Structures are given as structure tokens and as C-alpha cells.
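Going by TrEMBL, these are the annotated features:
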- ARG39, ARG45: NADP(+) binding site (BINDING)
- ARG132, SER133, SER134, ASN253, ALA254, GLY298, LYS313, PRO314, ILE315, PRO316, THR317, ARG339: FMN binding site (BINDING)
Amino acid sequence: MRYLTAGESHGPQLTTILEGVPAGLPLTAEDVNTELARRQKGHGRGRRMQIETDQVEIVSGVRHGYTLGSPIALVVENNDWKHWTKIMGIEPISEEEAEDVKRKISRPRPGHADLNGAIKYGHRDMRNVLERSSARETTVRVAAGAVAKQILAQFGIKVAGHVREIGGIKANPPAYETLEQLQEVTERSPVRCFDAAVEKDMMQAIDDAKEAGDSIGGIVEVIVEGMPAGVGSYVHYDRKLDAKIAAAVMSINAFKGVEFGLGFEAARKPGSEVHDEILWDEKNGYTRRTNRLGGFEGGMTTGMPIVVRGVMKPIPTLYKPLKSVDVETKEPFEASIERSDSCAVPAASVVAEAVVAWELASAIVEQFGQDQIETIAENIKQMREYARGF
Ligand SMILES: Cc1cc2nc3c(=O)[nH]c(=O)nc-3n(C[C@H](O)[C@H](O)[C@H](O)COP(=O)(O)O)c2cc1C
Ligand SMILES: C=C(O[C@@H]1CC(C(=O)O)=C[C@@H](OP(=O)(O)O)[C@H]1O)C(=O)O
């Protein structure tokens with residue numbers, strides 16, 4: 001499966017086209033809207049999220065609540081668009097307005113895509129960069145992820161994301177009974193954190209950063225249960241599924257690193273404390289005594305839960321801005337800011353779920369039969385049986 005997205009942050013809408021989604025998948029707008037609403041929540045968001053109430057329109061590929069196997073097009077409108085029609089160059093502007101409306105953004109923000117994007121595409125007005133580099137685009141990536149989750153759910157594969165760290169405040173590893181419980185608890189948390197003891201401190205850290213005109217980042221974690229063993233491949237670099245997931249997580253705006261299981265901690269431990277001993281029993285087939293490698297060996301799933309974490313840097317737009325240079329005058333300046341998030345780590349945990357779900361659903365569809373959900377379900381069932389008795 002593959003997908004494209006289109007749309008500017010302050011344009012009329014965001015669009016995604018999903019290609020290769022098998023036929024026979026139950027899919028409603030509600031399935032997608034639930035995920036879109038989750039992405040909009042979280043302590044630390046700016047005023048934009050009060051303007052938007054993201055709702056999807058399924059404009060193709062679905063009839064009577066089931067996918068057809070044809071491309072699925074999803075659209076989410078920007079409520080904010082109506083305030084930007086002149087600036088975005090759609091509504092005609094009068095002579096008096098022209099100077100104001102056409103004023104170029106010539107002051108790049110350190111840490112955002114402004115300067116490099118302007119140099120690359122030759123834009124003297126950096127709005128032409130920021131409109132697309134904005135994480136507003138993650139709205140439709142979450143919509144695509146909602147479809148992927150729906151595919152995974154048909155085969156009993158569950159995905160949950162949550163926040164492990166914000167602004168240096170670390171949550172204890174989540175002690176949950178079931179993935180549903182993890183999801184339920186983090187869903188109620190304003191910072192999507194399982195550890196209630198640190199939740200308030202995280203919120204305080206976000207408020208303090210905002211008060212100081214600053215921003216903070218953090219670490220999100222996605223856990224997936226129920227993947228069959230042997231999905232992905234060791235035979236070629238671009239078929240390694242952990243690598244695809246890493247790229248997908250790194251592609252989320254402001255993400256700077258990815259790890260699986262013990263991750264970077266593995267560098268500091270001997271092999272006996274890193275590798276997971278292999279067990280076998282009649283009921284479960286092959287399992288591992290521990291899951292320190294986070295569900296992957298040789299670019300393939302082990303059948304153990306996938307545990308992947310991503311690091312989000314602090315938001316680049318600062319109310320107390322860093323030094324930069326005006327590209328028109330080449331003079332240093334201190335910019336004034338209209339609005340921005342001060343922390344979007346909770347929202348990013350929902351985006352991370354979506355991009356991980358997409359990679360897993362794609363790998364499953366590719367490996368177990370591409371056309372019909374029923375065929376894939378049958379093939380996965382057979383694979384699970386075969387692997388158990390292998
Ligand atoms: C959910 C989410 C919300 C974001 N909100 C903002 C924001 O309000 N202001 C901002 O400057 N950057 C924000 N970012 C980060 C920028 O989009 C990102 O830093 C920018 O696109 C540059 O890309 P890079 O950081 O990956 O290099 C947000 C990121 C995410 C995932
Ligand atoms: C709109 C969203 O996030 C935006 C991501 C973003 C950025 O620079 O990445 C900048 C802000 O946009 P604006 O300047 O319009 O307030 C955020 O609000 C969203 O997540 O839906």
C-alpha cells in the first residue's frame with residue numbers, strides 16, 4: 001500500500017489518496033474521526049486547535065461501509081481557511097490591502113524548514129515553505145493510519161501510543177495488564193501518559209516553558225501486539241520492516257531519533273542482557289522470555305510486541321525567539337510570533353501510532369495477499385498455525 005498527501009496548513013483542505021487498500025474492509029467516517037479527534041488533544045497546543053474540529057469526508061473507494069479495493073480519497077477541511085483566503089491568494093485583494101496581504105515572510109525560524117526550503121525552491125516568501133512543512137499535514141497521515149488500524153484490527157493486531165517523557169520528566173515504564181488498559185488510561189490523560197504520578201509535573205513543565213516563551217520536546221512510545229512472526233525480511237535492506245518503521249517515525253515533523261526495545265541502552269549492556277531467550281510451548285509456539293529487542297530480529301517481526309520510541313525535539317517557533325537573519329536585508333532580527341504550540345508531544349504520539357500502523361498494515365497486505373481482507377485473514381491464520389508447529 002502507499003499513500004500521498006496534499007494540502008497547505010491554511011489552504012482549504014488536506015487530502016490523502018490511499019492506494020492498495022484491500023477490498024472488503026469495513027470503514028466509516030467515524031472510524032477516522034475518532035483518530036482525528038485524538039490528535040487534536042493534549043496539553044500545550046496553541047490556539048489553532050481551538051479553531052479546528054477535524055472531520056473526514058470519504059470521497060472515494062468505499063461503498064455502503066466497505067472498501068472496494070480502488071483508491072480511497074480522504075479529505076479534511078481546514079476551518080481556519082476562511083481567515084486566510086486573501087493571504088493564500090484565492091480571494092481578490094484591493095490595492096489598499098495589497099501591501100499588507102502580500103508582505104513576504106523573510107525571517108526564517110531556527111529549527112523550522114523556512115530557510116532551507118526557501119533556498120531550495122527559490123521562495124523569497126517563506127510562507128510558501130511553511131504552509132506545507134507545517135505539521136498540519138499530520139492530520140491526513142492520522143486519517144491514513146486510521147484505515148491501517150482498521151486493517152490490523154481485522155487480524156487481532158492492536159496498536160497503542162503514549163508519552164514516555166516530556167521536557168526531561170520521565171514516566172515510569174507502563175505497568176499495564178492489557179493494551180486496552182494502556183490505551184484507556186492514556187486517553188484520559190491530558191499528556192497521554194500512563195504514569196499519573198508525573199502527569200502534573202509534565203503539564204507544569206509545559207506551562208513553565210510557555211510562560212518563558214520557550215518550548216519543550218519529549219519521547220513517545222508505540223506498542224503493537226498480535227503481529228505474526230516473520231513479517232518483513234532480512235534478504236534486502238529495503239525489505240527490513242524495522243527500518244521502514246524507523247523511517248516512518250523519523251518522518252514525523254520534529255522527530256530526531258528512533259529506537260526499538262532497549263534501543264540505545266543496548267550499547268551499554270552485554271549480549272546476555274540484550275538478546276531474548278527463545279521458548280516453545282504447545283499453545284503459543286515460539287515466544288521469547290523477554291522482549292528487550294522490541295519485537296524485531298533480522299528486520300522481521302518475532303511475534304513479540306513491537307515497542308518503538310521516537311524523540312521529538314522542542315517546537316521551533318518560540319515566543320522568545322532565537323537570533324536569525326532577515327534574508328532581504330541580511331540583518332539580524334528578533335522576530336515577533338503570532339501563535340504556536342509550546343509542546344505537541346501528546347499529539348505526536350497519536351501521529352506515531354498512525355505511521356507505525358501504516359507500515360505494519362502495508363507489510364501484512366504485501367506478504368499475505370493483496371486484494372481481499374478475507375483472503376489475507378485466512379493466510380495469516382495459516383501462517384500462525386504453521387509457525388506454531390515449525
Ligand atoms: C503535532 C505537531 C505540531 C507541531 N506544531 C508546531 C508549531 O505549532 N509550531 C512550530 O514551529 N512547529 C511545530 N511542529 C514542528 C514543526 O512542524 C517541525 O519542526 C518543522 O516541520 C521542521 O521539521 P523538522 O523539525 O522535522 O526538521 C509541530 C510538530 C508536530 C508533530
Ligand atoms: C495546525 C496544526 O499544527 C500546526 C503545526 C505548525 C507547524 O509549524 O508545524 C504550526 C501551527 O500552525 P498555525 O500557525 O496555523 O497555528 C500549528 O497549529 C495541526 O496540528 O493541526
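Placement of Cβ uses the backbone N, Cα and C atoms for every residue, glycine included.
The structure displayed is predicted, hence computed values, not measured ones.
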Remark   = The rounded CA-CA distance in Å from ALA254 (FMN binding site) to ARG45 (NADP(+) binding site) is 15
Ask   = Cβ under 6 Å from ligand 1: which of the binding-site residues ARG39, ARG45, ARG132 qualify?
value = none
Query = LYS313 (FMN binding site) has how many other Cβ neighbours within 10 Å of its own Cβ?
reply = 15
Inquiry  = Near ligand 2, meaning Cβ under 6 Å from any of its atoms: which of the binding-site residues ARG39, ARG132, SER134, LYS313, ILE315 fit that description?
reply    = SER134
Ask   = Taking just the CA atoms, what is the gap between ILE315 (FMN binding site) and ARG45 (NADP(+) binding site) in Å?
value = 11
Query = Taking every protein chain shown into account, which of the binding-site residues SER134, THR317 has the largest tally of Cβ atoms within 10 Å of its Cβ?
reply = THR317
Request  = Provide the number of Cβ atoms within 10 Å of the Cβ of ALA254 (FMN binding site), excluding the reference atom itself.
outcome  = 20
Query = Considering the binding-site residues ARG39, ARG45, ARG132, which residue's Cβ sits among the greatest number of other Cβ atoms within 10 Å?
reply = ARG39
